[in-house]
């Protein structure tokens, strides 16, 4: 009954969408945004990003666990310099497989069901880690939690961007990164008081909470329209925006965009700049994000601090870095819709450049006496040795790492995921987001797998100087290739790539 009564309004708003002068359309958009009540939207986003909390928790799980397993009394569970890199890096290999499978899951199951599906391998992976009796169970548990992380990292940003409106999409788009950071911080904190098996048990809690909450959340209106389920799409948008708002006008804009992209992507269409440009930008951003070294630093954070003999205990240093990272992501979430995406990317890359350069030069020129206890040990085995700092200058690695994480969390962390979900065209969004995640985690796997061997062969300063060079490249890439999407609807962003007219983004 409600849909029949609203039908004339839908037709009217559809025509107005095409015929209103630009100034009038902007005024109506602003009035509409002011009328929205976002409580239900925020609840749906919170339910989804619990998957990112679990992802962040699982990603840094090796940081406190590797030292514990290197000293484990059982030979079946003890890690050495050959198995420790695999325990740290195999998670990213699972995440790459998760991103690859999401290329199909996003379009077949939908965004919401893909997120819910990730709970199965995640719960199984944590169970294997908690009850591990041998190395194969540890590695399989890491692969499964990594696979779940790959699925969520490809599905959650797309789900959030498709259910959000331009007024809060930047802030909500930062929520996946905030929750991932919070998950890492909770892991670091729990690592101070819990055994490594109980850490895995604790990882089950957010997974179960996510599934329960998502059962009551709507699917993406854009996905429902792409499947021809118009009544469900209208009901979903009504639930997200509120019955007393002019959500029918937004529904018609979305419907018009979906109608233009109803067909699947063909190989011939990939030559169209409308498709290949946003896919290429998104993929390169994910590639450069990982090359900046963030995954290596987070996974091996405590061993790195042990190697550099930071004046505080490595466990407390790791928790402190996690707290700084959370604060920086929160700042980015608040400022993203005000300052814009590009300025934050510039600042982020600049801070990462200075931090990595400082870390690399400090390690290179550091007097041997500052690090004599671990000078002749591998990075992994050094995690078992007590740090014996002799000078307050050893605070430099801690401060450099804190600023690196802060810079990353202000821009290249959350904005890379947000832009991926904003600029990818709807008809290729499911496949392309999975492809970008695949590129991201294959890069992360390669780096984390070779990080320890490179450090042992050439020294800890080499990877940090490499990360500094990549950060400089990130600045150039942002200036040359990244569009500003602040305050633009997904339909306006698609129009920009379709026509090349920057007026759509002004």
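Each Cβ is built from the backbone N, Cα and C atoms, and glycine gets one as well.
What TrEMBL records for this protein:
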TRANSMEM  41-63  transmembrane segment
DOMAIN    44-486  domain 'Major facilitator superfamily (MFS) profile'
TRANSMEM  83-105  transmembrane segment
TRANSMEM  117-138  transmembrane segment
TRANSMEM  144-160  transmembrane segment
TRANSMEM  172-190  transmembrane segment
TRANSMEM  196-217  transmembrane segment
TRANSMEM  343-365  transmembrane segment
TRANSMEM  392-419  transmembrane segment
TRANSMEM  431-452  transmembrane segment
TRANSMEM  464-482  transmembrane segment
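Same-chain residues lying 6 or more positions outside the transmembrane segment (343-365) and placing a CB less than 8 Å from one of its CB atoms are 292-293, 308, 332, 335-336, 396-397, 400-401, 403-404, 406-408, 410-413, 415, 459-462, 464-465, 467-468, 471-472, 474-475, 478-479, 482. Here the transmembrane segment (41-63) does not lie next to the transmembrane segment (392-419) in space: the count of CB pairs under 8 Å, restricted to residues six or more apart, is fewer than 3. Here the listed stretches are 117-138, 392-419, 431-452, 464-482, and the one with the most C-beta pairs under 8 angstroms to the transmembrane segment (172-190) is 392-419. For the transmembrane segment (431-452), same-chain residues at least 6 beyond its ends with a Cβ under 8 Å from one of its own Cβ atoms are 81, 84-86, 88-90, 92-93, 95-96, 98-107, 146, 150, 153-155, 157-158, 265, 278-279, 282-283, 285-287, 289-291, 293, 295-296, 299-300, 378-380, 420-421, 424-425, 463. Residues 51, 54, 58, 61, 69, 76-77, 79, 83, 87, 98, 105, 109, 144-149, 151-152, 155, 197-198, 200-201, 203-204, 207-208, 210-211 of the same chain, all 6+ positions outside the transmembrane segment (117-138), place their C-beta atoms under 8 angstroms from a C-beta of that stretch.
In the predicted model, the domain 'Major facilitator superfamily (MFS) profile' (44-486) has a mean pLDDT of 81.
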